[in-house]
Amino acid sequence: MALKLNAFTIQSPRFALPQMASLRSPKFSMASTLRSGSKEVENLKKPFTPPREVHVQVTHSMPPQKIEIFKSIEGWAEENILVHLKPVEKCWQPQDFLPDPASDGFEEQVKELRERAKEIPDEYFVVLVGDMITEEALPTYQTMLNTLDGVRDETGASPTPWAVWTRAWTAEENRHGDLLNKYLYLSGRVDMRQIEKTIQYLIGSGMDPRTENSPYLGFIYTSFQERATFISHGNTARHAKEYGDLKLAQICGTIASDEKRHETAYTKIVEKLFEIDPDGTVTSFADMMKKKIAMPAHLMYDGRDDKLFEHFSAVAQRLGVYTAKDYADILEFLVGRWKVQDLTGLSGEGRKAQEYLCGLAPRIRRLEDRAQARAKQGPAIPFSWIFDRNVGL
Ligand SMILES: [Fe+2]
Ligand SMILES: [Fe+2]
């Protein structure tokens with residue numbers, strides 16, 4: 001009998017757009033299950049390799065003299081970016097939305113939470129779990145910010161406004177995973193052990209969003225991502241409301257409003273870069289979009305499903321929580337937010353980047369419409385996060 005080994009997923013960098021087209025025709029290559037007797041035993045002894053980035057990883061692409069720009073706007077960042085952080089005393093905490101374990105009413109509150117959760121379909125839980133796992137890989141995102149030249153937290157407690165922002169941003173974000181994790185645990189609807197394994201795998205895999213230590217690329221990436229999470233948490237809030245679970249809607253909506261505040265801060269930084277260095281910023285923006293914005297949890301794995309992220313994305317797309325249309329909308333929003341169309345005095349390369357960016361969203365939409373027209377209804381597949389119950393893709 002052939003033993004099924006853990007096949008490892010090799011993610012192609014092309015798999016960055018949450019497009020159904022790419023979901024239906026996988027662009028990954030996968031190690032095949034080994035079948036010959038002696039090899040199986042040999043391979044079982046080898047430690048499992050979690051999913052990993054396979055593209056060529058580029059480092060320090062920003063000219064070193066540009067580091068000075070970030071030093072020179074520290075005063076500006078202090079006044080204009082740190083104001084988008086909320087003082088801890090004014091922040092919500094996960095406990096504000098959860099049954100209080102120290103109160104007499106705890107058990108009753110948990111019972112009510114579970115009653116409400118019963119009305120919510122499995123497919124919604126798949127998406128909510130995927131969103132929670134994405135939030136829980138926060139160490140990866142703090143690491144990513146600290147790869148950026150000129151703005152990284154050099155000591156772990158650096159007083160520069162960039163470092164202060166990164167730590168406080170991380171501390172705000174940390175509540176998102178905590179709250180969703182505790183809610184899902186109490187709901188009784190999901191396989192917590194499988195979810196916890198997925199988180200462990202994902203943090204172990206890390207990610208390279210191809211920002212090349214450049215704060216230009218890094219802040220364009222985070223602007224995009226904050227808006228993407230704002231949209232997806234906003235949509236899970238809307239769905240929860242439709243299922244009649246107003247408390248869960250409030251949880252997702254509260255997280256979405258944090259993401260919106262973060263989006264405001266990151267897009268402001270990039271706006272400032274456009275002001276100081278329009279050429280460098282517009283070419284960085286085009287570069288980032290050519291490489292495509294990789295989703296932070298794209299290396300997701302649960303020890304079973306080699307295409308877990310692909311499958312999770314397909315459900316999110318079908319439910320309208322995060323879609324290829326959202327990708328194009330975010331791009332269009334950022335092009336408008338940074339007034340890319342109106343930039344003047346650009347170099348030849350800058351003008352090319354400008355032209356590329358201004359035509360990109362309609363182009364993505366056209367491709368997506370064609371892909372949608374070709375796409376067939378996906379099969380139903382088991383998700384370990386919900387005890388292997390089937391959900392349609
Ligand atoms: Fe978040
Ligand atoms: Fe965020």
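Every residue number used here counts from 1 along the chain in the order it is shown.
Cβ coordinates come from backbone N, Cα and C, glycine included.
For H176 (Fe cation 1 binding site), the Cβ neighbour count at a 10 Å cut-off comes to 25, with all displayed protein chains included. What TrEMBL records for E135, E173, H176, E259 is Fe cation 1 binding site.
TrEMBL lists E173, E226, E259, H262 with the feature Fe cation 2 binding site. Taking the Cβ of E173 (Fe cation 1 binding site) as reference, residues of its chain lying under 8 Å away and at least six apart in sequence are, in sequence order, E135, L138, Y141, D258, H262. DSSP assigns E173 (Fe cation 1 binding site) to a helix.
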8 Å Cβ shell about E173, E226, E259, H262 centroid, Fe cation 2 site members excluded: W169, E172, T222, Q225, T229, F230, D258, K260, R261, E263
Cβ neighbours of E135 (Fe cation 1 binding site) where a neighbour is any other Cβ within 10 Å: 24
E226 (Fe cation 2 binding site) versus E259 (Fe cation 1 binding site) - Cα distance in angstrom: 5
Euclidean distance between Cα atoms of E226 (Fe cation 2 binding site) and H176 (Fe cation 1 binding site), Å: 13
